[in-house]
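Asks: Swiss-Prot lists these features:
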DOMAIN    3-167  domain 'EngA-type G 1'
BINDING   9-16, 56-60, 119-122  GTP 1 binding site
DOMAIN    177-350  domain 'EngA-type G 2'
BINDING   183-190, 230-234, 295-298  GTP 2 binding site
DOMAIN    351-435  domain 'KH-like'
Amino acid sequence: MKPTIVLVGRPNVGKSTLFNRLTKTRDALVADQPGLTRDRHYGIGRVGDRDYLVVDTAGFDPVAKDGIMHEMARQAEQAIAEADALLFMVDGRSGLTPHDEQIAARLRRAGRPVYLVVNKSEGMERTMVAAEFHALGLGDPLPVSASHGEGVKQLLDLVLGAFPPDVEPEEDEGRTPRIAIVGRPNVGKSTFVNSLLGEERVIAFDMPGTTRDAIAIPFERDGRHYTLIDTAGLRRRGKVFEAVEKFSVIKTLQAIEQANVVVLVLDASQDISDQDAHIAGFILEAGRALVVAVNKWDDVDDYRRELIKQDLTRKLNFLSFARFHYISALKGAGVAAVMKSVDAAYAAAMVNLSTPRLTRTMQAALAKQAPPRHGVFRPKMRYAHQGGNNPPVVVIHGAALDHVPTSYVRYLERTFMEAFKLQGTPLRIQFRTAHNPFIGKE
């Protein structure tokens, strides 16, 4: 599981700059819950072969009682509760402030590792920085310059070194599919889960200290075994009531990472929101097989149905590989069809592709449409083989493959998916270029 790193500090100490540095300006997820004046931002970063989740909180005032600052503090408190590590950022130029001391007092009670990051410290003596901020009682200050990148790699190495390496979940002998049900609050996720598990199923409560952990629930349906990666904010015996569900972006992202197949639940009575699109985008980025269930279809008339289909086409057009179902989770209508698509998507995600057939498919694609030149060189693709599952990865070997345009990569992805009838899963292509060892030598 990716470690979650939360950035905390008073306003204008450089949290957003460090966030952009840690995520290399990749698109962030935003918790766009109504009424939030300033949203938390979520992004994925990578250093070497390690991935991590970064959360950028608004300027934090732990003693705020009302108004905007209180709302921002509430959001920061939620992020702190879900953190694996806290980066407490202070401003080396302006020095230690009473606001910093208030935040430090709160973080000492957080029960999480805290790293004291002194930003804007370029050109400053390390001993001077350490002397002033040691008084906070949070260990050795770590000088960085988020804007210039100085000290950031050392900071990441220190933080990530405290966590075990990422380990992909092993498939059991029966290759039981792991399913995550995700979506915004009140779209019908828990009702859908009840349709799968049955209302008398006992589901564990969140226990103290485990609020961040997704619960794995084995279940059987139509003679097939599955594991549900459950993230609902409320888990109880019998019906799960949507009205008190707590939405956690971090839990959602972790469930997606652990799953083989994700069921994205949408609400037919509401327009597709930015948050829906952000969640869908993360599913795609994670490479997970996907089934989309548009719930509450029985509650809307034909006019509304046509509008929502147009909205889906416009805002989720990047999910062309997924099957869409229009269901009523409350009545159980369409749930069986969703599970049939889950099975098909899982089979596609775990498919084994033969090297000869992959190479023939690639050669046919090249004959139909050659890759464009880059300068004086045209990419040469010699053979292809499978490099992994969940999602399927096709590795193409050749020469001058460093600058294949994205449009041509998409063309190859579509070609492979159509040739192998892969429905419900994205497909990734990786290039391996044979570099000339004599270049640059006399």
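We number each residue from 1, going along the chain as drawn.
Heads up, the Cβ atoms here are built off N, Cα and C, so glycines get one too.
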Asks: Rank the binding-site residues Asn12, Ser121 by the number of other Cβ atoms within 10 Å of each Cβ and report the first-ranked residue.
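Replies: Checking each of Asn12, Ser121, the winner is Ser121.
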Asks: Within 10 angstroms of the C-beta of Gly9 (GTP 1 binding site), what count of other C-beta atoms is obtained when all protein chains are considered?
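Replies: So the number of other Cβ atoms within 10 Å of Gly9 (GTP 1 binding site) is 25.
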Asks: In this predicted model, what is the average pLDDT of the domain 'EngA-type G 1' (3-167)?
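Replies: Per the prediction, mean pLDDT sits at 79 for the domain 'EngA-type G 1' (3-167).
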Asks: How many other Cβ atoms sit within 10 Å of the Cβ of Asn186 (GTP 2 binding site)?
Replies: 13
Asks: In which DSSP state, out of helix, strand and coil, do we find Trp297 (GTP 2 binding site)?
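Replies: Going by the DSSP assignment, Trp297 (GTP 2 binding site) falls within a helical segment, counted as helix.
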Asks: Rounded to the nearest angstrom, how far is the Cα of Lys189 (GTP 2 binding site) from the Cα of Thr57 (GTP 1 binding site)?
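Replies: Each residue's Cα considered, Thr57 (GTP 1 binding site) and Lys189 (GTP 2 binding site) end up 27 Å apart.
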Asks: How far is it from Gly183 (GTP 2 binding site) to Ser121 (GTP 1 binding site), counting Cα to Cα, in Å?
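Replies: A Cα-Cα distance of 41 Å.
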Asks: Of the binding-site residues Asn186, Lys189, Trp297, which one sits closest to Asn12 (GTP 1 binding site) when you measure Cα to Cα?
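Replies: Smallest Cα separation from Asn12 (GTP 1 binding site) among Asn186, Lys189, Trp297: Asn186.
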Asks: If you skip the near sequence neighbours and keep only those at least six away, which residues in the chain come within under 8 angstroms of Trp297 (GTP 2 binding site), Cβ to Cβ?
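Replies: Spatial neighbours, sequence-distant, of Trp297 (GTP 2 binding site): Ala268, Arg305, Tyr326, Ile327, Ser328, Ala333, Gly334.
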Asks: Measure from the CA atom of Ser121 (GTP 1 binding site) to the CA atom of Asn186 (GTP 2 binding site) and give the result in Å, rounded to a whole number.
Replies: 46
Asks: Between the Cα atoms of Lys189 (GTP 2 binding site) and Lys15 (GTP 1 binding site), find the distance and write it as a whole number of Å.
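Replies: Here the two Cα atoms lie 34 Å apart.
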